[in-house]
Amino acid sequence: MEVFYYMVFGGLGLIVAALELSKNNKDRITTSQPFTSFKNNYLLVYSLMMAGDWLQGPYVYYLYTTYGYGKGDIGQLFIAGFGSSMLFGTIVGSLADKQGRKRACITYCITYILSCMTKHSPQYKVLLLGRILGGVATSLLFSAFESWLVAEHNKRGFEQQWLSLTFSKAIFLGNGLIAIISGLFGNFLVDVASLGPVAPFDAAACILAIGMAIILSSWGENYGDPSENKDLLSQFKAAAVAIASDEKIALLGAIQSLFEGSMYTFVFLWTPALSPNDEDIPHGFIFATFMLASMLGSSVAARLMARSSPRVESYMQIVFLVSAASLLLPIVTNLFISPLEVKGEGISLGASIQLVGFCAFEGCVGIFWPSIMKMRSQYIPEEARSTIMNFFRIPLNIFVCIILYNVNAFPITIMFGMCSIFLFVASVLQRRLLVITDKPKSDDWTSMKERDIETEALNDE
C-alpha cells in the first residue's frame, strides 16, 4: 500500500490525539456524577447499536454478489431498503411517541436481528424481506434513540448544555471509533478467520442482542404525546402542522435532508471517484481514514459546543460551505489534472487531492451530527419528536432512491456538482435559521399549541 495512505491516516490520528489531549477547562463541561452514569450507560448502548449497523455495511453488496446477483438486482434490493425506511420506517418510527421510545429501541434490535438472519438465505425474496426489515430498523436507529435520550435527559432534570456532551461523545464513538473497530473485526471474520461473508451479520445480531438486554434491564420508558385518543393519523397531522407553522422546524428538516442526501450519495460515489480506471486502492483502509476524519470533526464539535460562542446556528454555515467546496474537488481535478493512462496503477495525483478533500467532507460530517442533534433538541417539540424526525427522512429516502435508480445515467462529476449545490443551499438555509432564532417565542408551534389548549379550557368553562 502506498505511503500516501499512511501519511493521511497518521496525520489525522495525530490531530485527533492532540485535540483530545489538549482540552482545557474552557473545552470541558462540568457535570454531576448521576449525569456521568446516565451518559455512560447511553453511550454503551448507542455504541453497541452502531456496531451492529457498521459490521453489516461493508459486506452487504459483497454478500449479494457471492449469491450470484448482478448490479441491477442488487440495486433493486438497496432501493427496497430505502423505500422501506421511507414508508414503513416512518410509520413504525412515529409510533415511538405514542407507544414509548424504549419499546421502539427494542423493536430496532429485534428488527435488525431478523434482517441479519435473512442473510443466510440466497433466495431473492428472503433477501428482499431482509432489506425491508433493515429499512425499518434504520429509521428507528436515527430517531428512537435520540428521542429517548432527550426526553430522559430532561425528565431527570439535567442541564440542557450537557446534552451537547452526550451528542458529541456518541458521534465520536459510534460514528468514529466503533466504525473503525467494526471494520477491522469484520475483516478479521471474513478474511483472516475465513468464516464467510455472512459472519459479520451473525456477529452484528449477537451484539444487538447484548445491547437489547442492557436496554431491557436499565432503561426507563418515556413517551411523546401519551393521549389515549390520538391515533397515528392524528400524530402525522400534528407533525405536519408543526413543520408548516414553525419556520425553524421546517428549515431544520430541509437542512438535514440536503446534507444527509449529499452524504449518502457520497457513499456511492467515492470509490469510482478515487479509482476511475480501476486503480488498485485499499477500500477498507480508506474507509477507516474517513471514520478517523469523522472523529476529528466530532472532537472539534465538542469544543465548539462547550462554549457559549460561536453558536451552533452560526458555525454550521461555515461547515456546509466547506463541505460544498470539498465535493467540488472531483470536478476541479477532472478539468485540470489528466487521469492515469495505465489501467490498474496506484492512486493518481487527482485522486490523492480528492482523498484529502473527501477527508475534509467526513470531518464536516463529524461536526454535523452532534450539531444537528443539538438543534433538534432545541426546536422539535417533545410530544412529536420521533414523528417529526421520521418526517425529515422522507425526502432523504426519496432522493437516495432516485440517485440509486439513475446512478449510471449521469457522469460522476455531475453527481458531485449536484451534491455541492445542495450543500450550498443548506448553508443559505442555515443562515436563515440563524436570523430567525431570536424570533419571539409566541410565533413558534409549541406556543401556538399552548394558546390553543388555554382557549379550549376557557371554552369548556
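First residue shown is number 1, and so on along the chain.
Yeah, the Cβs are placed from backbone N, Cα and C, and that goes for glycine too.
Per TrEMBL, the features are as follows:
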type	residues	note
TRANSMEM	6-22	transmembrane segment
TRANSMEM	43-62	transmembrane segment
TRANSMEM	74-96	transmembrane segment
TRANSMEM	126-150	transmembrane segment
TRANSMEM	170-189	transmembrane segment
TRANSMEM	201-220	transmembrane segment
TRANSMEM	285-306	transmembrane segment
TRANSMEM	318-337	transmembrane segment
TRANSMEM	349-369	transmembrane segment
TRANSMEM	390-406	transmembrane segment
TRANSMEM	412-429	transmembrane segment
Cβ-Cβ under 8 Å with the transmembrane segment (170-189): same-chain residues at least 6 beyond its ends: 42-43, 46-47, 49-51, 54-55, 58-59, 195, 199-200, 203, 284, 287-288, 291-292, 294-295, 298-299, 301-302, 365-366, 369-370
Among 74-96, 126-150, 349-369, stretch most in contact with the transmembrane segment (285-306) (C-beta, under 8 angstroms): 349-369
Same-chain residue ranges lying at least 6 outside the transmembrane segment (390-406) that approach it to Cβ under 8 Å: 75, 78-79, 82-83, 85-86, 89-90, 93-94, 139, 142-143, 239-240, 243, 252-253, 256-257, 260-261, 264-265, 268, 415
